[in-house]
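Peer 1: Pasting a structure below so you can have a look.
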Amino acid sequence: MSTEEDAPADRGFLVAIIFFILGLGTLLPWNFFMTASMYFNNRLNTSEWKNGTVTDRKEYYFNNWMTLLSQLPLLLFTWLNSVLYQRISEKIRIAGSLVFILILFILTAVLVKVPMEEDRFFSITMATIWFINSFGAMLQGSLFGLVGLLPQKYSAVFMSGQGLAGTFAALAMIFAIASEADSETAALGYFITPCVGTLITLISYMLLPKLEFAQFYLDRCKRKTYRPETSRQLLSTEVAESSVTAGGPCHGSVSNGDVSCATEEESGKQAFLELLTENTSAQKSSILQVFKKIWVMAFCVTFVFTVTLSVFPAVTVDVKTIYGGKWEKYFIPVCCFLIFNTMDWIGRTVTTWLQWPGKDSRLFPALVVSRFIFIPLLMMCNVQERSILPVLFSNDLMFAVLMLLFSVSSGYCVCLSMTYAPQLVDPKDGETAGALMTFFLALGLSLGAAFSFPLRFLV
């Protein structure tokens, strides 16, 4: 019988490296399209000429639509995953999603060189964003299930890869700008990067079953192998049931590998008690019962993402620097995307050794709600164009500091919420709590994307 002590070593940490790459690959679609907002806005918001004069250009609100169409698939596939898991095999879900993501990234790279009327380009881009994030949502859900078969530390490695996907996209944009190539060539190089990244992710996934360490845990799941303690309990019950059915003299008390004997009546009583105890302990609570225990954390994760996505990137990407020159090109990639993604990852990482306030503290939801203040503060930065609110913080440094606090608090509060929720329920309800939190996480992302429309108009 296989136990964790029998597991082979992860030689060269290859499995950990692969899951880091897989985590990185799951969020490449969202991050690379979001970070490229300047490229898309430049192609869409071109000036229109009529009778030799410049007319008002058409506003597409690309950042708002991009955010909404990126997050709705996650909410949708949160509901559909249970059906998809039953009907579509894991290999097809993961490898197939990566192949389609690669094809859509290649399409986006090709479109850089294709002149196109703005309305058509906008429609194709929005359709691409919807489908690439739909495949990304399916990929993410499938990989979370896969990494759950391995020891807990591999889940942390996987999520670290996800956390650095945004930083990777921001650095790719900065390097594209630093190349000093023309805007078209720089954009082409930028979108070729996720093509290579997705291809590496696909190859890494194909290599995973060939590694002895990964094969051990994946095969163990297929064999439905249990831990020693669980195996003894199951063996005990099975022996008891068979003895009662056959009318034999042995019951299912297994102690240190020995089967003891007793009368048929005692055997029946013990089998009944064991089965009753097992069924009582294994019976999961209803979804409503679990929700009553974790509703505070569900609210927290929803509220955090609602606040975050309502202004990032739809509002923050339109902040302008007060300085000219080369810094103007780097301002948004550095102060908006690089700072946010790096500090969000740091905020999540900090929770591995600092978890304050505690899960039962009323201070934690109060801190989550207090993040609402970032919405008006960021809206009153130097966002251009604007029509209603005044500019109170035109300084670049003030915007950078606000983004730092905004992002580190987002990552910290989200990670604490997701960590605390399973601790508030019995172990048997941990899976239900996790599924509920995933739904409310997706709900928060979608609500934030929806609120970004009126908030951008208010600026």
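Cβ coordinates come from backbone N, Cα and C, glycine included.
Since we're looking at a predicted model, the values are computed, not measured.
The transmembrane segment annotation in TrEMBL covers 12-40, 60-80, 92-112, 124-150, 157-178, 190-208, 294-315, 363-379, 399-421, 433-453.
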Peer 1: Report the listed stretch (12-40, 92-112, 124-150) having the maximum count of Cβ pairs within less than 8 Å of the transmembrane segment (157-178).
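Peer 2: That would be 12-40.
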Peer 1: Under an 8 Å Cβ to Cβ limit, what residues of the same chain, 6 or more beyond the ends of the transmembrane segment (92-112), are close to it?
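Peer 2: Beyond its ends, the transmembrane segment (92-112) has Cβ neighbours at 25, 28-29, 32-33, 84-85, 121, 124-125, 128, 131-132, 135-136, 138-139, 142-143, 146, 184, 187-188, 191-192, 194-195, 198-199, 201-202, 205-206.
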Peer 1: Could you tell me what the rest of the chain brings near the transmembrane segment (12-40), counting residues at least six beyond its ends with Cβ under 8 Å?
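Peer 2: Hits for the transmembrane segment (12-40): 62-63, 66-67, 70, 98, 101, 104-105, 108, 125, 129, 132-133, 135-136, 139-140, 143, 147, 150, 153-154, 157-166, 168-170, 172-173, 183, 187, 190-191, 193-194, 197-198, 200-201, 204-205, 207-208, 211, 213-214, 313, 317, 332-333, 337, 341.
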Peer 1: Quick test of the contact rule: Cβ under 8 Å, at least six residues beyond the ends. What residues does that give for the transmembrane segment (190-208)?
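Peer 2: For the transmembrane segment (190-208), the list is 15, 18, 21-22, 24-25, 28-29, 32, 36, 39, 94-95, 98-99, 101-102, 105-106, 108-109, 112, 168-169, 172-173, 176, 214.
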Peer 1: Determine whether the transmembrane segment (60-80) and the transmembrane segment (294-315) share at least three Cβ pairs under 8 Å, counting only pairs 6 or more apart in sequence.
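Peer 2: With 3 or more qualifying Cβ pairs, these stretches touch.
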Peer 1: Taking the transmembrane segment (433-453) as reference, which of 124-150, 294-315, 399-421 has the most Cβ pairs under 8 angstroms?
Peer 2: 294-315
Peer 1: So, do the transmembrane segment (399-421) and the transmembrane segment (294-315) meet, by the test of 3 or more Cβ pairs under 8 Å (sequence gap 6 or more)?
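Peer 2: Stretch pair touches.
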Peer 1: So if I exclude everything within five residues of the ends of the transmembrane segment (363-379), which remaining residues of that chain have a CB under 8 angstroms from its CBs? That is, six or more out.
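Peer 2: Those are 296, 299-300, 303-304, 307, 310-312, 315-316, 319, 357, 389, 393, 399, 402-403, 405-406, 409-410, 413, 416-417, 420, 455, 458-459, in sequence order.
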